[in-house]
Amino acid sequence: MATCADILRSEFPEIDGQVFDYVTGVLHSGSADFESVDDLVEAVGELLQEVSGDSKDDAGIRAVCQRMYNTLRLAEPQNQGNSQVLLDAPIQLSKIMENYDCDTKLPGLLKREQSSTVNAKKLEKAEARLKAKQEKRSEKETLKTSNPLVLEEASASQAGSRKESRLESSGKNKSYDVRIENFDVSFGDRVLLAGADVNLAWGRRYGLVGRNGLGKTTLLKMLATRSLRVPAHISLLHVEQEVAGDDTPALQSVLESDTVREDLLRQERELSLRIAAGRAEGSEAAQLAEIYGKLEEIEADKAPARASVILAGLGFTPKMQQQPTREFSGGWRMRLALARALFARPDLLLLDEPTNMLDVRAILWLENYLQTWPSTILVVSHDRNFLNAIATDIIHLHSQRLDGYRGDFETFIKSKQERLLNQQREYEAQQQYRQHIQVFIDRFRYNANRASQVQSKLKMLEKLPELKPVDKESEVVLKFPDGFEKFSPPILQLDEVDFYYDPKHSIFSRLSVSADLESRICVVGENGAGKSTMLKLLMGDLSPVRGIRHAHRNLKIGYFSQHHVEQLDLNVSAVELLARKFPGLPEEEYRHQLGRYGISGELAMRPVASLSGGQKSRVAFAQMTMPCPNFYILDEPTNHLDMETIEALGQALNNFRGGVILVSHDERFIRLVCKELWVCENGSVTRVEGGFDQYRALLQEQFRREGFL
C-alpha cells in the first residue's frame, strides 16, 4: 500500500524538498488531530495548491488529501509511523564525514539549498492553523477534568389508577397508607426497577436493603420529589441535605421545622398586637381564642423541651443548642437536619443511611427514639444492628424488583433463604414434570392413535406457569495484598503526646498508645472527641505539641478517610483515576486492581461521579491498596457499603497479615474485626477490657441517668 510520501511524490513530482519535509512532518506528527479530510485540507491544501502550480483545482487537491487521509486512518492501529527502531550497530558520523571533502555538500543539505517556490507567508499561516488546532484539542482535555460533570437524572413512570385519581381529586382519600403499583425507575438508559410495587402501611417502619448501585437512594428521591405519586395529603420529609448555615440558633432552627406551630404562633402575635392597639375587629378575639385552642392541642408550649431532648440525644450540648447554625461543620448540620425531621414528625419519614453521620452513642439513642415513632418510616441502612432494633418490615431491592418481608433484618435473612429454597424446589419440580411430558410427546408425536393425547400434553405444557431459576447474588470477596516481610516491634506508637489546635482547648494530654502488625484495634467515641485527630497523629500528618511519635522505618500505611469522595476526581473513570495516581502500568493492571473490589467491566469506565456511594468507596479501596501497605488506618470504612461488602471487608481485614486501626460506628463490623476497643473521650484514650458489650452497657446506663430511657 502506498504511503503518504509516495502519494506526494507521484502527484507532485516537482515538489520542493523543504515543502515535502514539512508536509510529511505535518501528516505524521498531527495525524491524531485530523478528525476528517476537511481538517487535512485545511492544514496542507493551500501549500499543495501552490506546489501544483494551479495544475490541480480544489477538487483535485481534495482528492489527493482524501487518499492521504485514508492512508493515515488505515495505518493508525499499527501506530508504526513514528516508532523507534533499535540500530544493529552504532553509526559513526566521523567515519561518514571522511568520505567527503571539506567543500563537498552532504546529499541531504543539497535538497534544502534548492530555492523554494512556496509563499513563506502561506507556510506560516498553515503552521499557525495546525498549532491552533492542537491547542484546541489540549483545551478540550483540560476542560474534561476541570469542569463538573453533568450527570443524567433518574426518571420514573407508573400505571395510573382511575379510582385513586378520583378519590384524590375529590379529597375523599383519607388513608395514610402509601401504595404504588407497577412502576418503573430508570437512570439514563439503565433500568433500576421494572414493574415494581411498594406498599407502606401507616405506622410501620421499613428498612430498604440491597446491593450498592441498584437504586435505593434513587427510589427515596423519586418518593421525596413525588415523581412517584404519593397522596397529596401525606406530608413527607427526606433527610438528604445539611441545614444551611446562618445566624439562627440550633434550637430555634429545629423549632421552625414545625410549620404548623410556627404559622399558629405568627397568627397569635399579629392578632395580639391588633387587639392590644385597639384595632381589632369583633371576630378577631374569637379567632385568637381558636388559635390558643389549637396551640394547646398540639402542645406548643412543650415544643422547646421536646426539641432540646432530640438535639441532646444527637449529641448537641446545651451550649451547642444556642450556637448559630453557621458555626457548625457539615457533619453537625446533617445531624441538625435529622433533628428537624424528627421534631416535625411527618406522615412519611425518608432516611438515607442516617447512621453514617452519627457516633455509637447517638445511634443507640436514635434506635430507642424511633422504636416509638408514631407514623411511617422508610430507611435505607446497611447497619444490621440498627435495622434489627427499629425495623418492623424489610423491603429487598434486587433483580429490578422489590420484595417485602415482615420482621426485622435477622427474620428477613431466614425468610429470604426459605423463599429462595422453595422457589428453587418448585422450579426443579416443574422442570422434571416438563421433561416427563416432553418424553411422552417425542415418543408418540407421529403415532396417529395417540394424536389426541399428544395434543392434550402440548396444551398442558403451554398452560404451565413459567418459573425462573433462582437469581443467586454473586458472592463479594475482598483481599488486601500482604506480600511483605514481617518486622519486629515497636511498629507504631505515641508516647506522652500533647496536642491542640488552640492552646486554650487541649485535645489530648499525655496520650500514650501503641500498635503492631498483629493489632486489630477499633476506636469509638462521640463526634468531636478527637478520633480522627488521633489517627492523623499516628500517621504523622499532625505533629505532637509535646511527646514523641515513633514509627518503624519499614512501616507503610494505607489510609482510608471518611471524606474519601472529596479526594477522588469525579470527572474521570476509575481506570483513569488509578492511571493518573500510579502511571506507567498497562490498562489491564488497573482493571485487575479495580476488579478485586467489585469495579469491573463497564463500571470501571464510567465517570466516578456516576457511581453509587458504595461503589465510590470501592474505588477508594482499590486506590489505597495499590502500593501494598503493611498497616491500615481506616476512618469509617463501612459508610455507604452494602452489608455483603461490609462482611467481606471484615473477612479481608481478619485475613490481612499486617496491622489495623479503625474508627467505626457499625456494631456488627466492630464485633467481626476488632480484638481491642479504645474509647476516645475527655482528652485521653482508654482501653475497654470488656469490649463492645461493656461499652454499650456504659452508654445505656448513661441514657438512664440522663432520662432518655
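Numbers here mean position along the shown chain, with the first residue as 1.
Cβ coordinates are placed from backbone N, Cα and C, and glycine is handled just like the others.
Pulled from Swiss-Prot, these are the features on record:
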- Gly210, Arg211, Asn212, Gly213, Leu214, Gly215, Lys216, Thr217: ATP 1 binding site (BINDING)
- Gly525, Glu526, Asn527, Gly528, Ala529, Gly530, Lys531, Ser532: ATP 2 binding site (BINDING)
- 129-143: compositional bias 'Basic and acidic residues' (COMPBIAS)
- 161-171: compositional bias 'Basic and acidic residues' (COMPBIAS)
- 178-424: domain 'ABC transporter 1' (DOMAIN)
- 492-707: domain 'ABC transporter 2' (DOMAIN)
- Ala2: N-acetylalanine (MOD_RES)
- Ser83: phosphoserine (MOD_RES)
- Ser155: phosphoserine (MOD_RES)
- Ser157: phosphoserine (MOD_RES)
- Ser161: phosphoserine (MOD_RES)
- Ser283: phosphoserine (MOD_RES)
- 129-171: region 'Disordered' (REGION)
Where does Ser155 (phosphoserine) sit in the DSSP three-state scheme?
strand
Of all the binding-site residues given, Asn212, Thr217, Asn527, which residue's CB has the most CB neighbours within 10 A?
Asn212
So what's the mean pLDDT when you look at the domain 'ABC transporter 1' (178-424)?
90
Fewest other CB within 10 angstroms, which one of the recorded positions Ser155, Ser157, Ser283, Ser532?
Ser283
What does the structure give for the C-alpha distance between Ala529 (ATP 2 binding site) and Thr217 (ATP 1 binding site)? Integer Å is fine.
30
Candidate binding-site residues Gly525, Asn527, Ser532, pick with smallest Cα gap to Lys216 (ATP 1 binding site):
Asn527
Spatially closest candidate among Ser155, Gly525, Glu526, Lys531, the listed recorded positions, to Gly210 (ATP 1 binding site) (Cα to Cα):
Ser155
Note down the number of other Cβ atoms within 10 Å of the Cβ of Lys216 (ATP 1 binding site), including every protein chain shown.
24
Starting from the Cβ of Glu526 (ATP 2 binding site), draw a 10 Å sphere and report how many other Cβ atoms land inside it.
16
